[in-house]
Amino acid sequence: MKDVEDIHRPMLNSLQSTSAKMKKIVLSVNAGSSSVKISAYSALFGQAPIQLAEAQISGLTAPPPTLRYTRHGEKVINDEEVKDQKVSTQADAFDILVKALIDDNGVPEISSKEDIAYVCHRIVHGGDFVRPKLISDETYHNLEKLNDLAPLHNSTSLVIVHRCMSDMPKTTFNIACFDSQFHHTIPEHIRTYPINQDIARNNHLRKYGFHGISYAFITRATAEFLGKKVEHVNIIALHLGSGASACAIKGGKSLDNSMGLTPLAGLPGATRSGSVDPSLVFHYASDVGKLSPASTKDLHICRAEEILNKQSGWKALTGTTNFGTITAALDPSSSDTTSHLSPEEVAKMRLAFNIFVERICAFIGAYYVSLQGQVDALVFAGGIGEKSHQLRAAVVEQVSCLGFGPVDKEANETRVKEKLDDSHDVIEIAPPNSKKGKRDGREHRVLVCKTDEQFEMARACAEDGEFWR
C-alpha cells in the first residue's frame, strides 16, 4: 500500500511549483534595545527580493520615540515623534510599524496582515543552529533557553517573535535568522576555550561569533565586486558600529571572528569593553556577581555583564557613544560643534580613537597570518566602517606593511558617500599596490561595503525551499 505522502506527492509538487512562481511579502525585523526596524520585500522563490518599504522607531530607551519611514528608497517620514500611541516595548513599536505599512497606499501589496507571508527575525545568539529555522513552539522554547547565554541580546528579539506568533495570521511563517550561524565553520581548535571540556560541553561554552548575517552579505557582495565565486574569496572583513567585530573569511566561509561566547569579546564598542583581562571586573567593583537592577524575572543580568556591556567602551572613555563626535573633535576643519571641548576632553577623544584603531589592526594582523597572506581584500562595513573616513585612513596606514593601501584620499573622503548613497554595495578606496599589494597572485584591495542585514535575511528566506510554501 502506498504511503499517504506518495499518493499526494504530485499534488504537493504542483502546489510548490505554483507557490514558487507567486510573489510573496517578506518582512525582515531587527530589534535592538532602543529601536526596532522592519523592511518589507516582494520576493519570488530563488530570486533577489525587491524592497518595498522600510520603517524604524528609535528612542525606546530615550523618549520621545521617533518614526522614520522610507518607501521605494524615498523618505516619507523623517524622525517624526510618535504621538498618541503607546510605545513602551519593542512589541509596541513593531505593531506601529506594521500598521504604517498597511496604511500606506503607496504600498498596495500590503493591505492587511494576511498579505505578509514571512517574518524573518534577526536573533543574535543561535547556539548550535547552523541555518535559519522555522519558528515553532519548540523552537521558541529552545531560543528562550539561549537567553542565559545572551540575556542582553536575544530577549528584545523574542518579544517580537512572541507577538508575531500570537497576533499574526496562522498563514504567516516566522523564521529565525541567527547572527551566529555564519560562523559554524570556525574550526574546533579556534572555537574551543582551554577550560574543562566536560563543563564546557554541558554549558555550551565556546566561541560562537556574531554579526554573521552582515558577514554573509559582505562576502557575497565582495565576491561579486571582485568577479569571483564566493567559494574562492578570502577577505578580512570589519563590521564597525556601536558593536564592532572583525572576521577572517577563507573560501567564503568564516575562519575566525573576534567575538566569542557572546558579542562582548573582541573589539571595544560604544558601551562594550571588548576583550579585557577576565579578572579585571572583579577588581572593578565588589558586587559584580550580584544581579543587576536591570534584571527581571525572566532576564538575569549580573553586574559584571552590565558593567562590561553597558558602562564601558568609548562612552566610558569620552562620555559619548557617538563615534562621529570623537572623530570631529580630532579634525581641525570640522564644524564648531566640538570647538567648546577642553584640551583634556580632546585628549580623551584621541585616546578612544587610538584604542579602537590599535585593536582593529591587531585583529587584521592576526587574520592576515591565519589566511597565510592570501587576502583578496580588507573590507570596511557597518555604520562607522561606512562613514568614518578618518578611521579607515588610520587603519589602512597602520597595516600598510602588509601590502594594503595607500588610501586614495578622494575616494575615501568623497566618493564613498556618493557611491554608497547611490545604491552601490561596494566601492574601492585603495587600488592594489603593485609593489606591496600582491601575495601569491592575490592583490590586496581595500573596500567599503554597505552591508544590508535586512536584505540578507529576506534573501535567505527566498532561496530556501524548506520555507517557501
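Note that Cβ sites are derived from N, Cα and C of the backbone, with glycine treated the same way.
Annotations in TrEMBL come from automatic prediction, not curation.
Bear in mind that the values here come from a model prediction, so they are computed numbers and not experimental data.
Straight from TrEMBL, the features:
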- Asn30, Glu453: Mg(2+) binding site (BINDING)
- Lys37, His239, Leu240, Gly241, Ser242, Gly243: ATP binding site (BINDING)
- Arg122: substrate binding site (BINDING)
- Asp179: active site, proton donor/acceptor (ACT_SITE)
- His211: site 'Transition state stabilizer' (SITE)
- Arg272: site 'Transition state stabilizer' (SITE)
* Give me the Cα-Cα distance between Ser242 (ATP binding site) and Arg272 (site 'Transition state stabilizer'), rounded to a whole Å. => 8
* **Distance check against Lys37 (ATP binding site) for the recorded positions Asn30, Asp179, Arg272, Glu453, keeping those with Cα within 10 Å** => Asn30
* Asked: Where does His211 (site 'Transition state stabilizer') sit by DSSP, helix, strand or coil?
  -> coil
* Structure fact -> recorded positions considered: Arg122, His211, Arg272; fewest surrounding Cβ atoms within 10 Å belongs to Arg122
* Structure fact -> Spatial hits near Arg122 (substrate binding site) (Cα distance within 10 Å) out of the recorded positions His239, Leu240, Gly241, Gly243, Arg272 come to none
* Given the recorded positions Asp179, Glu453, which one is most crowded in terms of C-beta atoms within 10 angstroms? -> Asp179
* Pull out the recorded positions from the set Asn30, Gly243, Arg272, Glu453 whose C-alpha sits within 10 Å of the C-alpha of His211 (site 'Transition state stabilizer'). => Gly243, Glu453
* Structure fact -> CA-CA within 10 A of Gly243 (ATP binding site), subset of recorded positions Asn30, Asp179, Glu453 in residue order, equals none
* In the structure shown, with every protein chain counted, which of the binding-site residues Lys37, His239 has the densest set of Cβ atoms within 10 angstroms of its Cβ? -> His239
* To do: Mind checking which of Gly241, Gly243 has the fewest other CB atoms within 10 A of its CB? They're the binding-site residues.
  => Gly241
* Asked: For Leu240 (ATP binding site), which residues of its chain lie six or more apart in sequence with Cβ-Cβ distance below 8 Å?
  -> Leu267, Ile360, Phe380, Ala381, Gly382, Gly383, Ile384, Gly385, Ser388, Leu391
* Rounded inter-Cα distance in Å - Gly241 (ATP binding site), Glu453 (Mg(2+) binding site) -> 13
